[in-house]
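Notes for the one structure printed next.
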């Protein structure tokens, strides 16, 4: 294929998913202030799904404007518990508080992926996963965070289901790729439709 693909993310997890799928691509970081973009969206009543899609689109558009002719993949993930929105914890105490809030409850992961070329959106998709944590006591949360260390700070939920974080859960409703932040099957289907990959 002659179409250049660019992943608008420096996430090693998203890169690994695409590499494992046999996709050739480069990476570039978007130059956007995510918190500045999302604050007015939430104030105007946007849903967490909307916010994930708008942020993914902003990243894809930004990088596509700097990479003429390339098809750019933008991604974003939001986490909500009821009306409360969560971001990556900034330190271990914030991670501990998040896990205490999630304990025994079901939160929602909203993973958006957008394709853009030359500053124009080609395609958008949002997938949702419902994540039910088991009841966690403070001792277990402390031991879990001690075991995983700073990796807890690299994920919006302070966990990664591909590692010890899976032990936090009682039930998961949703696609694995949605949970790890890149709805891969819909993305691959669209890349085939756009003739970006063989198919």
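Every residue gets a Cβ built from N, Cα and C, even glycine.
Feature annotation from Swiss-Prot assigns site 'Important for substrate specificity' to 13 (among others); the stated evidence is sequence analysis. Its Cβ taken as reference, residue 13 (site 'Important for substrate specificity') is surrounded by 14 other Cβ atoms within 10 Å in the chains shown.
The active site, proton acceptor annotation in Swiss-Prot covers 76. Residue 76 (active site, proton acceptor) falls within a strand when secondary structure is assigned with DSSP.
All protein chains included, residue 77 (site 'Important for substrate specificity') registers 28 other Cβ atoms within 10 Å of its own Cβ. The site 'Important for substrate specificity' annotation in Swiss-Prot covers 77 (among others) and rests on sequence analysis.
Feature annotation from Swiss-Prot assigns site 'Important for substrate specificity' to 162 (among others). In the three-state DSSP classification, residue 162 (site 'Important for substrate specificity') falls within coil.
Of all the recorded positions listed (76, 162), 76 sits in the most crowded Cβ setting, with the most other Cβ atoms within 10 Å. Ranking the recorded positions 13, 76, 77 by Cα distance from residue 162 (site 'Important for substrate specificity') puts 13 first.
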